[in-house]
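Take a look at the following structure, please.
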């Protein structure tokens, strides 16, 4: 046997215990080192990710001093874009909620022929490129579109109007609401609905007095997401509604146009949109936290 | 009197039940998990529809496949206590119990008076403002029962009403449950796994096996049925 090797057969109990202890200590140090390395790697990854997202946002604020931003607010381009965006996004959200709530409820509760296809079609605008959505809307509702040419015969023109902005926003933002609403309705225990009906509640009474109040936080969260999506919509809007100040030039379109001339104006609009985005994220987080809290009850 | 003569195709077998329950009688429905007990209650309540047959309460058809009659659940005046109690989580104890009276369009004063009477009788008046899901298991059971009884139902359906309670509370509730149900003088069906419930609460018992009534008899005869029955821990009797 080599001089540096230990003959285990000659060792007593105390020696064996000491060896085992030293072995355990080595394993313990190794696993601690691994844990530290893992935590350090994750921390580094988190810092990189946050920096990647924060840097452009911070750059926006650094590049445009507050007084310049406030001054730009008086620019008619900015005011028109802000007014138009807020008006169209609000109308879009109302439309999406009114249309989407019964669709989401039916999707959550009922099985019917073609349900899978219908649900897929509802989700399609999420993955469809916005520019493609814009062209598709033009082909449907434009003057030469399959529906548009009939409307044109009655003197009704949709493309390149404020209505076209709303239609484009509804098209791209509705899945954000419907998916969230569907999930919220699915989370309402069917036994509650059944209990309400056995207690004399009609389907409609049960919906408004039991299902809706329980699902409300999720529905509001979905509506906020739809509002945010419609506010930021660019591709479908510019293709279907065009880019006319005061009529179809929403805030994202105004940023794009202003960038070619007055950077300060485009920065001002961008900062307003970022501020609104932060508010949206805060509201959604607060509401979804309450959803989980209520679900736990 | 409740008359049931129905067929319904379930996932693994067909439910075929023919029975009558007299006014004031408490029928205990026992059987293994998945034998169709809850499905039967849901069919009687109108939450599901039989494939064919007839359900009538005091001569009034609730469902008749031949005459194409189907009364919606909200029109059947049936008190149903669900296994999970199904208390509305966004409502207080008071509002849960008042729900069935509000759907019937009673005046606010009438609702207040009846809710107070039922909550006091159930020992729940002091917690009337608490959210129904925040009270104890035993209190939830009493809220669910009060909610079902306040509408003065023509029929009572209870799905394992004591299963969520601990052993001591179950013993206390059995007597109270029997007294409160008997006071209503309506036919009642109670689903249970526990033979102690059968012996303490029911007048008659039915053993359901794969959707069919295998045995029927007095509550005291159940102990002799043996195979097919389990106690609450899932152990065979």
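Placement of Cβ uses the backbone N, Cα and C atoms for every residue, glycine included.
So TrEMBL says this about it:
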- A:42-62: transmembrane segment (TRANSMEM)
- A:82-108: transmembrane segment (TRANSMEM)
- A:82-284: domain 'ABC transmembrane type-1' (DOMAIN)
- A:120-141: transmembrane segment (TRANSMEM)
- A:153-172: transmembrane segment (TRANSMEM)
- A:207-228: transmembrane segment (TRANSMEM)
- A:263-284: transmembrane segment (TRANSMEM)
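Are these features on the surface or tucked inside, and what touches them?
Non-local neighbours of the transmembrane segment (A:42-62) in the same chain are 267, 270-271, 274; each lies 6+ residues outside the stretch with a CB under 8 Å from one of its CB atoms.
Residues 89-90, 92-93, 96-97, 101, 105, 173-174, 176-181, 183-185, 187-188, 192-193, 196, 201, 276-277, 280, 283-284, 287-288, 290-291, 294 of the same chain, all 6+ positions outside the transmembrane segment (A:207-228), place their C-beta atoms under 8 angstroms from a C-beta of that stretch.
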What residues elsewhere in the chain lie close to the transmembrane segment (A:120-141), defined as a C-beta under 8 angstroms and at least 6 residues from its ends?
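Distal contacts: 103, 107, 147-148, 151, 158-159, 164, 167-168, 171-172, 174-176, 178-179, 233-240.
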